[in-house]
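Down below is the structure, laid out as structure tokens.
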Amino acid sequence: MQLSSEASQRFARISAHLHSPNLQKMEESSLLRRENCRAKGGAPGFKVAILGAAGGIGQPLAMLVKMNPLVSVLHLYDVVNSPGVAADVSHMDTGAVVRGFLGQPQLESALTGMDLVIIPAGVPRKPGMTRDDLFKINAGIVRTLCEGIAKCCPHAIVNLISNPVNSTVPIAAEVFKKAGTYDPKRLLGVTNLDVLRANTFVAEVLGIDPRDVDVPVVGGHSGVTILPLLSQVKPACTFTADEINYLTDRIQNGGTEVVEAKAGAGSATLSMAYGAAKFADACLRGLRGDAGIVECSFVASQVTELPFFASKVRLGRGGAEEVFPLGPLSEYERFGLEKAKKELVESIHKGISFIRK
Ligand SMILES: NC(=O)C1=CN([C@@H]2O[C@H](COP(=O)(O)OP(=O)(O)OC[C@H]3O[C@@H](n4cnc5c(N)ncnc54)[C@H](O)[C@@H]3O)[C@@H](O)[C@H]2O)C=CC1
Ligand SMILES: O=C([O-])CC(=O)C(=O)O
């Protein structure tokens, strides 16, 4: 092949550069390290931490949050295996910069500067257990993690997944009150898996696409405290008494259905990761200032006489900026509400006194 004289001069210059002793030395010693790369993770976006990131929920949730274009930094914290999960997720070619943090000594670094903290840390149920049976272990885990949040990112929005949610949210609130950082709007119990299940099961009964269905689910996140409002389903529809009994029972026991099917290998992880990722995205869009974002969540509430209750909330820059009332209930739902409140009051009290005692 013939080169023009200009091209051959350029080729000679490049060739000389490539064979220069300096470049050869650099190649041999591989001086460039990741920490010296030019990327500093300073892209616009939100900083999100997942605590319990190596678990059954934490891992798929880490993957889904890494795919969210609103996220610029993703911190993955756990007491085991988080460096591996972080290395794995960090190779996805999406915008968020991923860092792993392992064990209590790294909790503060994991939390500092975060806008949103998602907590799926703690033990899951096995067949025969109630969510309340998890209280003994998970209450202490949630307390420690929330103490870290109060210290390192007191203004972060907190999405609390760890069970029993009906008690862990009151625990978190008490920890934040003690630290003087409590903002009720910023503490949200994640109950939207109940909504996803309700949408799915109702769609199955009606023979329509679940994406077209919206079922408000209020109360709490355990057994009879999970109260689907089938009289308020969108699109507007009616159910037979049989269908109402079937749907209410299936939605209230959706978690147990998964626990039994997994036969000792844990509880819902993939559907929960999907739900938590959707909920986190809604919180981030709220933080960004998007209008009209409404989700069900277990929050500080004046909708009933109880201090915490799950209902529809409007998400905004401050978190749950508006808590919506329940709206008109059927007689069946009014009866269900009384049952839900009876159990909820005990669970809330248990959480509060765990910190106050
Ligand atoms: N709110 C909801 O709708 C749902 C809640 N859950 C709850 O989520 C929790 C987690 O479930 P899975 O991920 O399936 O459990 P898992 O056992 O697979 O994972 C939990 C992770 O938490 C970590 N962990 C334990 N102590 C920790 C600490 N002090 N700090 C940080 N991480 C810690 C563990 O090392 C583990 O990686 C359970 O309590 C479960 O009941 C599960 C499904 C739905
Ligand atoms: O049932 C469980 O233990 C986990 C959970 O909260 C759910 O799947 O709704």
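Keep in mind that glycine also has a Cβ here, set from the backbone N, Cα and C atoms.
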Site-mate of Gly52, Ala53, Ala54, Gly55, Gly56, Ile57, Gly58, Asp78, Ile161, Ser162, Asn163, Met272 for NAD(+) in TrEMBL, selected among Asn36, Asn138, Asn245, Asn253: Asn138
Rounded distance in angstrom between the Cα atoms of His221 (active site, proton acceptor) and Gly52 (NAD(+) binding site): 20
For Met272 (NAD(+) binding site), what is the tally of other C-beta atoms lying within 10 angstroms of its C-beta? 23
I'd like to verify something. Among the binding-site residues Gly52, Gly56, Arg125, Arg131, Asn163, Arg197, which ones have a C-beta closer than 6 angstroms to some atom of ligand 2? Arg125, Arg131, Asn163
Gly52, Ala53, Ala54, Gly55, Gly56, Ile57, Gly58, Asp78, Asn138, Ile161, Ser162, Asn163, Met272 bind NAD(+) per the record; greatest CA separation between any two, in Å, is 18
State the mean pLDDT for the domain 'Lactate/malate dehydrogenase C-terminal' (191-354). 98
